[in-house]
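A.B. asks: According to TrEMBL, the active site, nucleophile annotation covers Thr170. The feature substrate binding site is assigned by TrEMBL to Arg198, Val199, Gly200, Asp201, Thr221, Gly222, His223, Gly224.
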Amino acid sequence: LGRMKPVIVVHGGAGRIFREREEGCRAGVVRAALRGYAVLKQGGSAVDAVEEAVRSMEDDPHFNAGSCGSVLNEKGEVEMDAIIMDGKNLDSGAVSAVKCIANPIKLARLVMEKTKHMLLTDHGAHLFAQAMGIPEIPGEKLITERSRERWKKNLEPDSNPEEFQKDLGTVGAVAIDSEGNVACATSTGGLSNKMIGRVGDTACIGSGGYADNHSGATSTTGHGESIMKVVLVRLILYHMEQGMSPEAAADTALDYMKTRVGGLGGVIVVNKAGEWAARFSTKQMSWATVKDDNLHYGIYEGERHIKSVDEALASEREGF
């Protein structure tokens, strides 16, 4: 069997990215893509690569995911969702409304590998994390100043939390490894000032992510409720199964979501042939991909920087 050239694509969320955060977002997705690609280059699996890439972004306060950057719900707490899926056998694991752990994507992977289930939530996910020996981080340590400020602002009587929800991103990764297996991973802190117990698209298979060796893998970001209404990821893979390219499939599905339910979002896609796309209907989406030892990345519509991986790793060491 001819070996595949590995490919990884990551996103740091669709929406509005404030100027002062642009550099950090670019650097963050680039770092995640390089880390995931390093795993693939060493012969690691697509599942390992997407987990590593997402963990890298969960640990980065520029993104609304993991312990560092997650936004707060209406009660001022962090509740996080994550999913991971293996395209080889359609195994998947997800967690929702988890608190007090640094890397929900790690927990999602454990759900996939250590239980017969696919989705654990809230208290049950918490007990499972304890059983697996995942260290707990006290709630207040998880909350950044920025999240708290935003939460307070949103509580003011004349505030419009909806406004704030546009500039926040889920993070995600998709990959194909040298064996031709695909995988996806998605992780988020959800919507700012959301209702307690709200679960968005991220933890939902077929909406927040899906991976199937027969077609490809996708991870989404954007307005969760809209994404769930059209089961966005499964829709994209369906279009690819019908013969569309990743880019056409992504655009068609995003367009449908916009016209049918007025929802905006972004997606990253890789198909079983290793062709990729990063598309969005929001103003911006930070994304990066590595294929053939070349790194591509951008934030704005039409923006695409290209560097060799060696060059990127060198500037990474100097601090981007």
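Backbone N, Cα and C atoms are what each Cβ position is placed from, and that goes for glycine too.
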A.B. asks: Looking at substrate and its recorded binding residues Arg198, Val199, Gly200, Asp201, Thr221, Gly222, His223, Gly224, figure out the farthest C-alpha pair and report it in angstrom, whole number.
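C.D. replies: Between the most distant Cα atoms of the substrate site, 16 Å.
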A.B. asks: Expressed to the nearest Å, what is the distance separating Gly224 (substrate binding site) and the residue listed as 'active site, nucleophile' at their Cα atoms?
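C.D. replies: So the Cα of the residue listed as 'active site, nucleophile' lies 10 Å away from that of Gly224 (substrate binding site).
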A.B. asks: Can you tell which of the binding-site residues (Gly200, Gly224) has the fewest other C-beta atoms within 10 angstroms of its C-beta?
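C.D. replies: Gly200, out of the binding-site residues Gly200, Gly224, has the fewest neighbouring Cβ atoms within 10 Å.
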A.B. asks: Rank the binding-site residues Arg198, His223 by the number of other Cβ atoms within 10 Å of each Cβ and report the first-ranked residue.
C.D. replies: His223
